[in-house]
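Residues annotated as GTP binding site in Swiss-Prot, with sequence analysis given as evidence: Gly16, Pro17, Val18, Gly19, Ser20, Gly21, Lys22, Thr23.
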Amino acid sequence: MTRTKKNPPLRVGVGGPVGSGKTTLLEMLCKAMRDRYDLVAITNDIYTKEDQRLLTISGALPAERIMGVETGGCPHTAIREDASINLEAVDRMLAKFPDADVVFIESGGDNLAATFSPELSDLTIYVIDVAGGEKIPRKGGPGITKSDLLVINKTDLAPYVGASLEIMESDARKMRGERPFVMGSVKSGQGLDQVIAFIERQGMLDV
């Protein structure tokens, strides 16, 4: 392990609209980082634990290291206005795995206005996808403008949906200013190294 156990675990929130690739990103991050870091993951769904099931089936982490939370209502409420259900889930996972280096918290499918409570997440990654249209970055919203890292996913689909990656990149730069963003296709691994490097650097995992 790279990180000393004297440090508290890094909590990384992963948000974005339904179908943007949040669960796939989380799966790929876990598979790429699990040999270097002690990881646990918490997923949010409104009425099911589908994302927990998908992560478990994919072998991202051992089943006991993945916890599903049923929010039973508006998904962004459970990560922002009343994050108690997720804070409790974090506490339960850390009681089982006190040496965890990173706690990944995936929100349920949400809108562009959703953000993570600072009580819940140290770093936030917001995922949008090219299939949603090239206009998405310029629509703004806290997820796009204020997240620590924006991931513009599924760039390989641009030719099929008539989206201009150049326009999306330009708009993302305008909306985010100095805040970083990554363009890629996480399912194929494109851009994944950049996301991991960001987590390690900003989360001081490599200290």
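Even glycines carry a Cβ here, placed using N, Cα and C.
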Can you tell which of Gly16, Pro17, Gly19, Gly21 has the least company, meaning the fewest other C-beta atoms within 10 angstroms of its C-beta, among these binding-site residues?
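Gly19, out of the binding-site residues Gly16, Pro17, Gly19, Gly21, has the fewest neighbouring Cβ atoms within 10 Å.
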Counting across all protein chains shown, how many other Cβ atoms sit within 10 Å of the Cβ of Ser20 (GTP binding site)?
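Neighbour count, Cβ to Cβ under the 10 Å cut-off: 26.
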By a simple count, how many Cβ atoms lie within 10 Å of the Cβ of Val18 (GTP binding site), its own Cβ left out?
10
Looking only at Cβ atoms, how many others are within 10 Å of the one on Thr23 (GTP binding site)?
23
